[in-house]
Amino acid sequence: MVLCQGGEGDAAPAASGQEPEVPPGQENGPGAVQPCLPAPGVEAEGAEERRACGCCSGMSWPFCCEAPGTKKKAACPGLGLFYTILSAFLFSVASLFLKKIEDVHSVEVSAFRCVFQMAFVLPGLIYYKTGFLGPKGKRIFLFFRGFLGSTAMVLLYYAYQVMPLADATVITFTSPIFTSLLAWIFLKEKYSLWDLLFTLFAVTGVILIARPPFLFGSRVSGIEGSYSDHLKGTIAAIASTLSAASTIVILRKVGKSVHYFLSIWYYAVIGLIGCVIALFVLNEWRLPHCGRDRVFLILIGLLGLGGQIFLTKALQIEKAGPVSIMKTMDVVFAFILQVLFLNHLPTWWTVGGALCVVASSSGTAIRKWRHSVKKAKQGEI
């Protein structure tokens, strides 16, 4: 007899085409597996392989259910890491297009990005019937998640425009360090000496990239544009990283009680409102004069959205630790694109700072990953 999961949500076939696995301990009770019934009009005798499963949307066996004694097909190894690399590449290309845009303020670019986010998320909200405001007790957290997330985006785009692409990208990789620190302060999570060491490594990397005059002297070489713009971009990148880390802490506080589409919706709506207000205050709202810049704006929205989709898919099928480590490919792609398309060679100071930051973020990711694996094993015991 072919077995099938009870309930509509559990019976749906996986997107990858794999056969669903019967969870242990559900042989009895409300979630018990039920025998597949032939679809109306289909003979059961002599049609074992052609049998349609009524609880699996009419899909023919063996694609709908798992026959007894058969083994589940193994997932494609490394697919999650491939999605992470693809996400990093899309984000890096989007930042390259941002550098290529002329006479468009970073706030306006952020507004276009928010419009693309809203267009993508709105059908999901309607489909999942989540509403547009969320639970009453969580709205204040969602508001600050949207405000801090959109602020991080605007500041990061500004940093991309006024400082070298690789430098701004490297600084953003200090986010896990600040996340651990803020989680220790506000969520009472453990903060060990290793975390402190990684924080010092990250700060050292940022100092090597920023190269403040009181440490490196008044003549600083290898700076793209003026040093004042470089310093402003560094401050904006650090503030963006702090905002992003605060957003992650808020999302941890909210947990799974709010659908992730609703979280992105707040991010897009509050970001768009804030960007429009800022553009009118700054009197910077204007369409690009060049058709190429308009195409770049559209591509930034599409590539940013694609990068988020692939990163989400990677986290769905791979552990967070390996994904965080592989995400350091952002830095590699940023250096390559900066040399190939912007004709800006990084200095040894930048390379040294990048190594410090990447080592710090990778060490943090590995420690979190090992801790989660150890905790999971203890839970099984």
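Glycine is no exception: its Cβ is also placed from the backbone N, Cα and C atoms.
Curation plays no part in TrEMBL annotations; they are all automatic predictions.
The following features are taken from TrEMBL:
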- 79-210: domain 'EamA' (DOMAIN)
- 232-361: domain 'EamA' (DOMAIN)
- 1-30: region 'Disordered' (REGION)
- 80-98: transmembrane segment (TRANSMEM)
- 110-128: transmembrane segment (TRANSMEM)
- 140-160: transmembrane segment (TRANSMEM)
- 166-187: transmembrane segment (TRANSMEM)
- 194-214: transmembrane segment (TRANSMEM)
- 234-252: transmembrane segment (TRANSMEM)
- 264-282: transmembrane segment (TRANSMEM)
- 294-311: transmembrane segment (TRANSMEM)
- 323-342: transmembrane segment (TRANSMEM)
- 348-366: transmembrane segment (TRANSMEM)
- Item | Cβ pairs under 8 Å between the transmembrane segment (80-98) and the transmembrane segment (264-282), at least three | no
- Note on the structure: Within the same chain, the residues 6 or more beyond the ends of the transmembrane segment (348-366) and with Cβ under 8 Å of it are 164, 166-167, 170-171, 173-177, 180, 194-195, 198-199, 201-202, 204-209, 211, 222, 320-321, 324-325, 328, 331, 335
- Could you give the residue numbers and ranges of same-chain residues that sit at least 6 residues beyond the transmembrane segment (166-187) on either side and whose C-beta is under 8 angstroms from one of its C-beta atoms? 92, 95, 156, 159-160, 195, 198-199, 202-203, 205-206, 209, 230, 233-234, 237-238, 240-242, 244-246, 248-249, 252-253, 324, 328, 330-331, 334-335, 338, 346, 350, 353-354, 357-358, 360-361, 364-365, 368
- So what's near the transmembrane segment (234-252) in sequence-distant terms, Cβ-Cβ under 8 Å and 6+ beyond its ends? 141, 144-145, 148-149, 151-153, 155-156, 158-159, 162-163, 167-168, 171-172, 174-176, 178-179, 181-183, 186-187, 206, 209-210, 263
- Using DSSP, tally how many residues of the domain 'EamA' (232-361) sit in helix, strand and coil. 110 helix, 0 strand, 20 coil
- Looking only at the domain 'EamA' (79-210), what are its DSSP counts of helix, strand and coil residues? 110 helix, 0 strand, 22 coil
- Query: Among 110-128, 140-160, 194-214, which stretch has the most Cβ pairs under 8 Å to the transmembrane segment (294-311)?
  - Reply: 110-128
- Overall pLDDT for the domain 'EamA' (232-361), taken as the rounded mean: 83
